[in-house]
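What follows is one structure encoded as structure tokens, with my remarks underneath.
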């Protein structure tokens, strides 16, 4: 840092500026006080209280929270069959959404990054991004329209003598895939775009056909980006409870269990709420090993 | 990679199917807003503009839109201030716990909305209610601002990392004090990043439903909450159809704005 030390004896504003300049620690604490009060005290404080309350219990007659330390709620997570089933189902849905997104995203990204004419590519990226700005609820609502009885899906499948899947687990997976798909396409597009052409040429020169080049060069180079995209598709799906309410029929996911426990048993809701958080953190740690997080 | 002709065709077809998957549902929402029937049966029995005028007159939807705009503007304003402050601290200073701060900023958007929602809800009801402050628009703004900080922070910190501090130092060497250097040098450098971050923050708040559910007081209904409450009522279906179509059309605006902003902030990534 350079110094402009002649500030003394000027206007108060000028003096304050000089003080701030000479004392970076003061500047830093002025910068950080308000955001830290907000994020660390208000937000982390609320979260901490919530997770502590997971160890409390409720009076089963009055639904009032009783502040007695116990691990009963966590015990119930693993022993109650409904909870176990719903937790496993939620993780399954999140994995299915991730897999389906990757399968749909790859050809789209390959086309936009390497097959389409270069002058069209920026426009195609915008076309992938635009749906991200469309309202979350409207996108789920679109699938409610499509899958409702006598709706678009039924109409499309009628010539084949089939009917649409209706509302349920499958509809939930489709709608969640639809919501988070752009988050999967974009990193794969970027990775494919940056794939050096001479690696592909080298592979061809060494006698590999397209299929072999794809398996041995393209896939390993793109995999970290798939992992990066999967962080979004997986964690956003795992915490969701609105989509499943709209197109899931009677299907319950972990978010629904949290929601339905809030009124009557807040400590149980808090304990259930830790499940997606823990699973997401474990997933992030697993993905970090693939180098995915550095490309986020 | 020399792809065979058939492989190229297969990839084109698969990409076409992918784009159809992305755009057909949105197109259906648009067409359905002209559907004269209350049911979602396809194909529609005709086309009518009637529901557009009915929706325009709908008090509930209008009020909800206004609440959403107020919440979005409030949350964006707070997020712009707090996000910029953290970004300057992280990008221009070295201190203990710097990485932890970047982590805490991302946390509200990384955790499931329902966890953030019930945490804030119980904090508000234990801290604010004894003070006589109930849940209302104010608490919605506080909740939204919490997860909007990250998008402002990301945009501003990325800009600050690319522009070294030497411009400010040059300004100071020429006699500008800290404030003058900020107003004449630093602020113009980060202005488009602030715009992009603010736009993202507003969009994020405007679209939010889960945290809103837990922080809104009785009678406070944002547009997403209104849509959610009316979606399953057959009587309201035509109005919901029109509101959904309007939101699809509006989603083009931020893309246009982002294209106009400098290319490096136009990526539109929400996180």
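Including glycine, each Cβ sits where the backbone N, Cα and C put it.
Taken from TrEMBL, the feature domain 'ABC transmembrane type-1' applies to A:87-287.
The annotation transmembrane segment is assigned in TrEMBL to A:30-56 (among others).
Annotated transmembrane segment per TrEMBL: A:86-111 (among others), in sequence order. Tertiary proximity for the transmembrane segment (A:86-111) is limited to same-chain residues at least six positions away from its ends with a CB under 8 Å from its CB atoms, namely 77, 124, 128, 169, 172-174, 176-177, 180-181, 183-186, 188-189, 192, 222, 226, 229-230, 233-235, 237-238, 251-257, 275-276, 279.
Taken from TrEMBL, the feature transmembrane segment applies to A:123-142 (among others).
Annotated transmembrane segment per TrEMBL: A:162-181 (among others), in sequence order.
The transmembrane segment annotation in TrEMBL covers A:217-238 (among others). Below 8 angstroms of C-beta separation, residues 90-91, 93-95, 97-98, 101-102, 105-106, 176-177, 179-181, 183-188, 190-192, 195, 199-200, 203, 208, 254, 276, 279-280, 283-284, 287, 290-293, 295-296 of the same chain, each at least six residues beyond the ends of the transmembrane segment (A:217-238), sit close to that stretch.
TrEMBL lists A:266-286 (among others) with the feature transmembrane segment. Long-range Cβ contacts of the transmembrane segment (A:266-286) within its own chain (Cβ-Cβ under 8 Å, at least 6 residues beyond either end) map to 50-51, 53-58, 65, 73-74, 76-77, 83, 87, 90-91, 231, 234-235, 238-239, 254-255, 257-259, 293.
If one looks beyond the transmembrane segment (A:30-56) by at least 6 residues along the same chain, the residues whose Cβ comes under 8 Å of a Cβ in the stretch are 20, 65-71, 73-74, 266-267, 270-271, 273-274.
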